[in-house]
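Presented below is the structure to which this report refers.
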């Protein structure tokens, strides 16, 4: 039985686990063994960790725990998209979405309960900010999804060889702004990349930011993964209105940060995400302006048809207008994709990762009715 003050081992990346084992008088190799049991074999209790010394198992039982967030609901869409509602306590909930494709499986992970950035087109921002998630709550989403998906396919836990892995890509694009929860997000991403945990490459872990420039620089220095930037407007006046963070870090500053990031990034381009809003940011003139503002940043564009919600006062661009907008970008030689809507029958489509919009991320309302979820993205 663990004590009420026991540490949750899911909060530790490799370095943290080595330090913790050291505090118990154990050598670093014990931390690697422990990490494999937790993240590759999905072990939930210490007695089953048979290659650990009994003395260490007894120490762990008295001082540590492996505590996962609770699953409040689990839904599968007609197109195979799977959405979990995760109870993170005190009435708050976040959502995790798995998007299966022929050659990969992408997991969209949340980093905060609610969001303080308050983008006009994003329903998550309308519910307000509740709190940051812990490292355990972030990596717990991947651990939960990977082993639930393996179980559904009849695959046993074990080392994450390519043939066994179900989640091949992770996108930090669920609820919240990950760079405003840097100290919990980075250890979680280190575990995603660790060969003694999930073994994903840096090219297969993508962090999406609305443009927190100082933290983009820090991420580039400490853990450069693939980067997506929520752009959504081609000039400062419009972006100030759609993405209020732009008032603090305007486009010129953001583009310079993107250039710096590319010097260390695992991919040779930035993905710019652009939510298509009818009559707001979707004209061909906007597209030409977008090309001008991003001209010095190697990039691709991901155009996202807006998923309306009542509080926004916005509507989705017409399909023919999205095509015209995209064609301007394509004709300029820039790779451009239009997001395919996935999981909309379970409210897991792009723009719907939100929670009960009028009452933050309150759990009770969301377990009894369809949840409104932010951007579910497969890059």
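Start at 1 and count along the chain as shown; that gives each residue its number.
Cβ atoms are placed via backbone N, Cα and C, with glycine included.
Per Swiss-Prot, the feature active site, proton acceptor maps to 95. Annotation source Swiss-Prot lists domain 'Radical SAM core' at 101-345. Residues or ranges marked as disulfide bond in Swiss-Prot (evidence: sequence analysis): 108-350. Positions annotated as [4Fe-4S] cluster binding site by Swiss-Prot: 115, 119, 122. Under the heading S-adenosyl-L-methionine binding site, Swiss-Prot lists 176, 177, 208, 230, 231, 232, 307, citing sequence analysis as support. Taken from Swiss-Prot, the feature active site, S-methylcysteine intermediate applies to 350, supported by sequence analysis.
The S-adenosyl-L-methionine-binding residues named in the record, 176, 177, 208, 230, 231, 232, 307, extend over a maximum Cα to Cα distance of 19 Å. Neighbour counts were taken as the number of other C-beta atoms within 10 angstroms of each residue's C-beta; across the binding-site residues 115, 119, 122, the minimum falls on 119.
When the alpha carbons of residue 119 ([4Fe-4S] cluster binding site) and residue 231 (S-adenosyl-L-methionine binding site) are compared, the span between them is 11 angstrom. Scoring each of the binding-site residues (208, 230, 307) by how many neighbouring Cβ atoms lie within 10 Å, the top position goes to 230. Within 10 Å of residue 307 (S-adenosyl-L-methionine binding site), as judged by C-alpha distances, the recorded positions found are 122; the full candidate list was 95, 108, 115, 122. Cβ packing within 10 Å was compared across the recorded positions 108, 231, and the lowest neighbour count falls to 231. DSSP classifies residue 108 (disulfide bond) as strand under the three-state reduction. When the recorded positions 95, 108, 115, 122 are ranked by how far their Cα is from the Cα of residue 176 (S-adenosyl-L-methionine binding site), 115 comes first.
In this structure the alpha carbons, written CA, of residue 232 (S-adenosyl-L-methionine binding site) and residue 122 ([4Fe-4S] cluster binding site) are 11 Å apart. Residue 115 ([4Fe-4S] cluster binding site) has its Cα within 10 Å of the Cα of none of the recorded positions 95, 108, 208, 231.
For residue 177 (S-adenosyl-L-methionine binding site), the number of other Cβ atoms no farther than 10 Å from its own Cβ, over all displayed protein chains, is 28.
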